[in-house]
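**Q** My structure is below; once you've seen it, I'll send some questions.
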Amino acid sequence: MQVSSLNEVKIYSLSAGRSLPEWLSDRKKRALQKKDVDIRRRIELIQDFEMPTVSTKIKVSRDGQYIMAVGTYKPRVRCFDTYQLSQKFERCLDSEVVTFEILSDDYSKIVFLQCGRFVEFHSQHGHYYRTRIPKFGRDFSYHYPSCDLYFVGASSEVYRLNLEQGRFLNSLQTEASESNVCDINPVHFLFAMGTAEGKVECWDPRTRNRVGLLDCALSSVTADTEIDGLPSISALTFNGALNMAVGTSTGQVLLYDLRSSNPLIVKDHHYGLPIKSIQFQRQLDLIISADSRIIKMWNKDTGKIFTSMEPEHGINDVCLYPNSGMLMTANEAPKMNIYYIPVLGPAPKWCSFLDNLTEELEENPESTVYDDYKFVTRKDLENLGLAHLIGSTLLRAYMHGFFMDIRLYHKAKMMANPFAYEEYRREKIRQKIEETRAQRVQLKKLPKVNKELALKLIEEEGEEQQMTRKRKQKNLPSLLKDDRFKVMFENPDFQVDEQSEEFRLLNPLVSKISEKRKRKLKILEELEAKGEEEEEEPEGKASDAESSESSDDEKGWVEEVRKQRKLLRQEEKLKRRERSKEDQQTLLKPQFFEIKEGEEFRSFKDSAKKQKLMKKPLEDRLKLEENLGTLNVSDTTVGSKQATFKLKKSEQQRKQQEAEKVHRQERKTLRRSANHLKSKRGRGRLFH
């Protein structure tokens, strides 16, 4: 039995291990079980719980006694009796089964939807009746109140077959081109179908009218999802009267409340594979969704992952045994998997021994395969001198390193560092000596950073402890022992600067108090240097002297503040004098600037004038512009004002404009002279 754990949820795989071939005789099977330990230790919960090649669908009867599965090849159905833990019967079919439904509480009434548009009915004795639908079917549901079968498939119609009358009824006309899945609510019998266009249509079987339409394709697209193509509906399941879960072909699961058109939550499998199955686990409010690669269990309210499973082979269908923690899957492999998850619920009645078995395994955990191997990186191999083994069978590449045999690792470590035992022995001796020293009287070691602050806190703690003893109160936690303030006494960036202006103004009496603490610090440093084991506390003054000092401090508080301010002013004056001296000593060197081509040099006075103009208010600047003639302000008929600006022109532009004017005047004079000559010639010809 294979055990895996994810998010502290243990999953027991009851079908792990090798399976024996069917063609072996019982005698050879018993002989193999005696020889092979793996075959002997395997758990075969249900005998021959498998298919010849592939299993496609798996379901449990309503009474919980029978498990039915369909698969290939050849197409067949197998029924397993849980009370006998063996196969009940097997029936071969003419074509592959798309899906099937158990209509009765046991296996006596079964309906199969097959690939060749056939619908086959089986009773307790075997094949009962066979009919055909007009188009290829993909899914069907049974409506118990009216005994109607609703078939959906490669058509826009939903075909209805009444089992009481034995005839087809009028089909439902939908807007979809094709439909993939359908389901009927067990409470109010609402019929829902998922289309290839990514929509869910809801119909009322009583009136045969559509009552709702959900666009799941649009709702499944979020900011985090990456979708290739239009999502179609691949799975659909109801939970109670109001909840419905929809799975898409792009790997999203949407949970809906039927009273709203927006999904409550959208869960992405992140594999881009169609959702094959959706199940509800009501005890823990979980949703079990599966695609062909993974089975995910997540909370339906928050979407948080509870646990997940990745079988070795592709998944075709998932079936949760009712009111238990057992999960069965139909796979792209002969063997059908059975999982037991104790957190989901107890084991079924027919295999109650699983609870005792899992409890024993939890009490006596076995060593895993990785206990016999050591994970090493490439750097570790170079230190051990085993880098030449990379690529050999002695090392198994895994992630950023390698797995190697633990015995080989210990041998190589002993050869690389033969004195490792001596170092280990010295370390143990040192630890024992430190334990004995801890029992002696020790000095109060102050931190390297903010020693005076630490000493102040220690003094305050001593005073508070005396007060709490008298009042019989609980001691408050110390700041020195609190991890939140540990960095303040370790990192030099948090050192208190007592020479700063803020500190001196806020703490005017710190000078007198700090003198006492500095004396204590000197004494403690001397004791630490000498290495004495007992701490000598400096003698304090009498209580009367301390009270008088406190009163003097209160009286001289204002004087101390004034003194500090005077000192700060003097220091500022000294700094200014030093700066002025430095400015006088510095020699200013000339700086050269390169002028771009096509630009004229202007003095630095123009920039100074511009800066002065920019500092002036807008009104003054407008007056200057009016005086210069670049601005014209006029009143309009409505009462508002109209301002027109003229751009300032550079000297080059002015010269160009003047040259253009001269050129125009010259051309005008030439034209006038030419016209005058033409007119004279015309007059002379007339006279001739």
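For all residues, glycine too, the Cβ spot is worked out from N, Cα and C.
According to TrEMBL:
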COMPBIAS  553-584  compositional bias 'Basic and acidic residues'
COMPBIAS  648-663  compositional bias 'Basic and acidic residues'
COMPBIAS  664-688  compositional bias 'Basic residues'
DOMAIN    1-364  domain 'Nucleolar protein 10-like N-terminal'
DOMAIN    369-417  domain 'Nucleolar protein 10-like second'
DOMAIN    482-508  domain 'NUC153'
REGION    529-589  region 'Disordered'
REGION    635-688  region 'Disordered'
**Q** For the domain 'NUC153' (482-508), what are the same-chain contacts with Cβ under 8 Å, counting residues 6+ beyond its ends?
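**A** Residues 447-450, 452-454, 514, 557, 560-561, 563-565, 567-568 contact the domain 'NUC153' (482-508) from elsewhere in the chain.
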**Q** List the helix, strand and coil residue totals of the domain 'NUC153' (482-508) as derived from DSSP.
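**A** DSSP composition of the domain 'NUC153' (482-508): 15 helix, 0 strand, 12 coil.
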**Q** Mind looking up the mean pLDDT for the domain 'NUC153' (482-508) in the predicted model?
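**A** Averaged over the domain 'NUC153' (482-508), the predicted model reaches a pLDDT of 74.
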